[in-house]
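The next block holds one structure in the form of structure tokens; read it before the comments.
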């Protein structure tokens, strides 16, 4: 293991999100008892069996913010399962910012699938394989969403940056408040090696764990006069760090390392999928 990998793993081990409470922050939305809030609201488990998965969503909608969650993913043979942590708006032509963790056979790495939707259109996928075992301990996954960019982070290490390129005609999610949603479900028609490896139901129930929920954004609510969003973030700050967050030199170096060593799919390099030409923002983005 290289010195850089050791440093990143150590940093990941000490990076902990400021903890909220699942009773206060989320609603269980589906699963018929398969989602359980534990430890007085400090953690939550999602279960999947051959009959159903389970999921929850944030009580609030947010327009921009930083959203942290610690996850411990399904261990051993997790093929066919998908564990998620994402933001999504409601209604037609929705916006969405995705972390999806695609299970695999025992001993093979998880695939982290990321995507950004705006006005109902995605096709901005990038996929990575993690440099640690995400099933043996909790790790922090974060989405920073501000008017300039979206940053995906793992243990505070940048995994991906999606910039606001609406000036190039590329839609960017900036007008529709989103909820945080998390789920565990079966997708063995596509999730593991394109659907070639199916879910082994003799291993069910499958369980993923969430803890240290921390949502800091401009909370929005429906009022008689329409949707209203707070000018302060939920942390009480008028100028939270996430609002103008950029990558410094060290963060850019880590991003280069992740992309060179752990990226396994990039829509910007898939000429077969996009024979009409790669999306214009790809030529404007270094990573």
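Cβ atoms here come from the backbone N, Cα and C positions, even for glycine.
Summarising the annotation, TrEMBL assigns active site, nucleophile to 96.
What TrEMBL records for 100 is active site, proton donor. Cβ neighbours within 10 Å of residue 100 (active site, proton donor), excluding its own Cβ and spanning all shown chains: 19.
The domain 'GH16' feature in TrEMBL is assigned to 9-210. Mean pLDDT of the predicted structure over the domain 'GH16' (9-210): 93.
What TrEMBL lists as N-linked glycosylation site is 104. Around the Cβ of residue 104 (N-linked glycosylation site), 21 further Cβ atoms fall within 10 Å across all displayed protein chains.
Residues or ranges marked as signal peptide by TrEMBL: 1-19.
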Cβ density check for residue 96 (active site, nucleophile), other Cβ within 10 Å (all protein chains) comes to 18
Rounding to whole Å, the Cα atoms of residue 104 (N-linked glycosylation site) and residue 96 (active site, nucleophile) are apart by 25
